[in-house]
Amino acid sequence: MSFTPGKQSSSRASSGNRSGNGILKWADQSDQSRNVQTRGRRAQSKQTATSQQPSGGNVVPYYSWFSGITQFQKGKEFEFAEGQGVPIAPGVPATEAKGYWYRHNRRSFKTADGNQRQLLPRWYFYYLGTGPHAKDQYGTDIDGVYWVASNQADVNTPADILDRDPSSDEAIPTRFPPGTVLPQGYYIEGSGRSAPNSRSTSRASSRASSAGSRSRANSGNRTPTSGVTPDMADQIASLVLAKLGKDAAKPQQVTKQTAKEIRQKILNKPRQKRSPNKQCTVQQCFGKRGPNQNFGGGEMLKLGTSDPQFPILAELAPTAGAFFFGSRLELAKVQNLSGNLDEPQKDVYELRYNGAIRFDSTLSGFETIMKVLNENLNAYQQQDGTMNMSPKPQRQRGQKNGQGENDNISVAAPKSRVQQNKIRELTAEDISLLKKMDEPFTEDTSEI
């Protein structure tokens, strides 16, 4: 007697988007052509919706009974503990729970910068004696094949399982017995749940077993849930942040060496492609401010595009189309002042432009824009005037601070004893005078 996964009369499928027979339908394994095939006969070599790989990737000519397991983290091995790894299917006894996982190398796609990026592989399960390696014995060393079986299964004989006919049988969502530990860096396709990382298997097993006992008390045919962890969004977010180097807990520090590398990278670009910032200032990118380059002052010259006020100014910047079609352009050949005299001289041209950016008071942030423009237009004139009014005296090389400052000081007259406020000892004459001052005054009545 051959077994058909998901065909047990009293079985109940998990929650989700259910089709007519109560089994989830997966877009990557459903047959759109609805070609009728004979049950019990092996499906013809035909591609699934995701098997047609114009940009690389191997072909999956057979339909798996279960949804796939997708890798989302590079460098992680696909493996299960002994006796684990066979998905649960209503109507299939434990003696037939044997087979292999087949690695499907998905296609590559073209990124925005023109590079090809290969998608990480996805694994599909096939029962022993079915699928692309139906004729291979259990345990054969094959690249892209991982063999799994339950402890009750006999791996020396093929599983008595029919091939899936996509016209009548739809894929079953992959679930595992309680306590199964999924490979780290993988998630079950369509479940939004990932493998447990630090949570103990025994704890998950005890919870699952208690839940299973309650389930058996209510309904003996309820499908047990897999021992997987909650949403993997946090894990994916941490991986992305680590890949981009933007870990919020450890802000990236810019050292002198990295700042020098950033500055050199900016200066290696053509002049019209440079973007000044903290590491490469406006003056380093475009030179000093003057009549021909009259914008920028104060903090904006130090921070460049990193200045908090710059984004609102960037709203005024013309697009490439407005620059070419809305400006007066003039091509002029200029003298090449770069390079050595013994090197071959290159022809250097300047595309000079003259245009205007028009806006009115209805523009969003108009007051702020006007404030920033007034602070930065011709700001170099105010800075030069301030420097000319109070020039800082420069110290000669080799001269210590304070030395030479007393050369131009006029010599004043020496102070008196009172000004000097010096303490001296009393003489005998001084003591005699003090005693007379203490005696009472008597009027002299003697006649002359």
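Cβ atoms here come from the backbone N, Cα and C positions, even for glycine.
Non-local neighbourhood of R122 (RNA binding site): G68, I69, T70, Q71, R103, H104, R106, E189, each in the same chain, at least six residues away, with C-beta under 8 Å from its C-beta. Here Swiss-Prot flags R106, R122, R164 as RNA binding site.
Here Swiss-Prot flags 9-22 (among others) as compositional bias 'Low complexity'.
Per Swiss-Prot, the feature compositional bias 'Polar residues' maps to 29-38 (among others).
If you look up Swiss-Prot, you'll see 45-55 (among others) marked as compositional bias 'Polar residues'.
The compositional bias 'Low complexity' annotation in Swiss-Prot covers 193-223 (among others).
The compositional bias 'Polar residues' feature in Swiss-Prot is assigned to 383-393 (among others).
Marked as compositional bias 'Polar residues' by Swiss-Prot: 399-409 (among others).
Marked as phosphoserine by Swiss-Prot on the basis of sequence analysis: S167 (among others). When secondary structure is read from DSSP and collapsed to three states, S167 (phosphoserine) falls in the coil class.
Swiss-Prot lists S191 (among others) with the feature phosphoserine.
The annotation phosphoserine is assigned in Swiss-Prot to S390 (among others).
Taken from Swiss-Prot, the feature region 'RNA-binding' covers 52-194. Summarised by DSSP class, the composition of the region 'RNA-binding' (52-194) is 6 helix, 35 strand, 102 coil.
Summed and averaged per residue, pLDDT over the region 'RNA-binding' (52-194) gives 83. In this view, R106 (RNA binding site) is surrounded by 22 other Cβ atoms within 10 Å of its Cβ, with every protein chain counted. The record assigns R106, R122, R164 to the RNA binding site, and the maximum Cα to Cα distance across that set is 22 Å.
Counting Cβ atoms from all protein chains shown, S167 (phosphoserine) has 15 others lying within 10 Å of its own Cβ.
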